[in-house]
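K.L.:
Summarising the annotation, Swiss-Prot assigns [4Fe-4S] cluster binding site to CYS48, CYS49, CYS114, CYS143 and lists sequence analysis as the type of evidence. The annotation region 'Disordered' is assigned in Swiss-Prot to 175-205. What Swiss-Prot lists as compositional bias 'Basic and acidic residues' is 182-194.
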Amino acid sequence: MSYTLQRPGEDISVEEHMARTSLFARLEDLVAWSRKNSLWPFNFGLSCCYVEQVTALTSVYDQARFGAEVIRASPRQADLLVVSGTVFHKMAAPLLRLYEQMRAPRWVISMGACANSGGMYDIYSVVQGVDSFLPVDVYIPGCPPRPEAVLDALIMLQQQVGSEHRPLGVTVGNSAGLGFDAPRRRDQRRDERMAQTLLDPPEKL
C-alpha cells in the first residue's frame, strides 16, 4: 500500500480513492491474522511457574505488545490455556473440563518441567505431563522458566496460529454440530522425535 498526500478539496478518481483506502485479502488470512494478534489467555497456575508467568505481564516485559495481556476470568472467553506448575491427578479432571469449556479454536501452552513431564515428582499423585490428556501446542522448558521464555513461547504460538487455516465456524452434520480441532504439530512430528537419539546440549537451546 502506498501513501500519498492530498490537499483539501482536491478531486481524485474513484479508482485512486479505492487504491488508497482499501485492502484486499482472503478471508482466511484475515481471520488467521486476527487470531494470531489477539490471543486471549486463561491461566491455570498451580505452583512457582505461575509467578514467572505473571511476571511476564509486568511493565518490564510488557506482554501487552503481543496482544495477550487480558487474562480471562472464564474459560468460555479464552482461546489459549496456559498450564503452569505441578498437575496432580485430582486436578486433571477439572483442568480437562476447563479446556472443554473453551471455544474452538483453542491452544495450550505447557509451562515448566512439572507441567511438561511431571518434573522431579515421579510419584503416583502427579500427572507425568499434561500432554497425556490435553493437546499441547507449545512447551516451555525450565524449573521455573524465565519470563523471556514465556514471551518466546507466545511468539512461537502466534507464528503457528498465523499459519493455520481453521474453519470459521462449526461443521454441521446430519443431526449435530461437530467441532473442529486441527492436527497438532507435536503429533505430526512424533515419529521424527521418537527416532532421535542425540539431543542438543542446553547451550544450543
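Just so you know, glycine gets a Cβ as well, placed from its N, Cα and C.
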K.L.:
Cβ distance under 8 Å to CYS48 ([4Fe-4S] cluster binding site), same chain, sequence separation 6 or more: which residues?
P.N.:
GLY85, GLY112, PRO144
K.L.:
Provide the three-state secondary structure of CYS114 ([4Fe-4S] cluster binding site) computed with DSSP.
P.N.:
helix
K.L.:
Neighbours of the [4Fe-4S] cluster site CYS48, CYS49, CYS114, CYS143: Cβ within 8 Å of the Cβ centroid, same chain, sequence order.
P.N.:
SER47, SER84, GLY85, THR86, MET111, GLY112, ALA113, ALA115, GLY119, GLY142, PRO144, PRO145
K.L.:
Only counting partners 6 or more residues apart, tell me which same-chain residues put their Cβ under 8 Å from the Cβ of CYS114 ([4Fe-4S] cluster binding site).
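P.N.:
Non-local contacts for CYS114 ([4Fe-4S] cluster binding site): LEU46, SER47, CYS49, GLY85, THR86, VAL87, MET120, TYR121, VAL126, CYS143.
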K.L.:
Work out the three-state DSSP category of CYS143 ([4Fe-4S] cluster binding site).
P.N.:
coil
K.L.:
Which number gives the other C-beta atoms within 10 angstroms of the C-beta of CYS143 ([4Fe-4S] cluster binding site), all protein chains shown included?
P.N.:
12
K.L.:
Specify the count of other C-beta atoms within 10 Å of the C-beta of CYS49 ([4Fe-4S] cluster binding site).
P.N.:
27
K.L.:
Once the DSSP letters are reduced so that anything not helix or strand counts as coil, what is CYS49 ([4Fe-4S] cluster binding site)?
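P.N.:
Looking at the DSSP assignment, CYS49 ([4Fe-4S] cluster binding site) belongs to a helix.
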